[in-house]
Amino acid sequence: MSKESTVRLISAEGFEFVIDYEAACVSNTIKNMLSSQGSFTESELGEIKFPEISTPILEKVCQYFYYKLRYTNSTHDIPPFDIAPEYALELLMASNYLDT
């Protein structure tokens with residue numbers, strides 16, 4: 001994958017997730033950050049820092065992006081997207097912020 005086709009999402013602890021641009025754009029917030037006009041760090045470097053989102057939560061968010069890409073408009077049975085109960089509240093807050 002070329003640098004332009006990937007995005008780096010950085011968790012509060014500094015862990016970096018390199019994901020496809022298309023997957024990142026499942027989030028309207030990320031899509032807007034990456035496509036904004038002007039010289040913003042996010043659009044120039046293709047990286048976004050999330051100081052309020054922990055590594056395990058951001059990892060699950062990235063997994064969801066790929067899950068949504070794969071199963072949107074699917075005509076087959078869609079498997080459940082499992083979420084551990086202890087992450088439910090944090091994931092809800094992250095998904096609200098990310099507009100997913």
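Yeah, the Cβs are placed from backbone N, Cα and C, and that goes for glycine too.
Pulled from TrEMBL, these are the features on record:
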- 7-68: domain 'SKP1 component POZ' (DOMAIN)
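Secondary structure of the domain 'SKP1 component POZ' (7-68), assigned with DSSP and counted as helix (H, G, I), strand (E, B) and coil, comes to 31 helix, 12 strand, 19 coil. Confidence in the domain 'SKP1 component POZ' (7-68), given as mean pLDDT, stands at 91.
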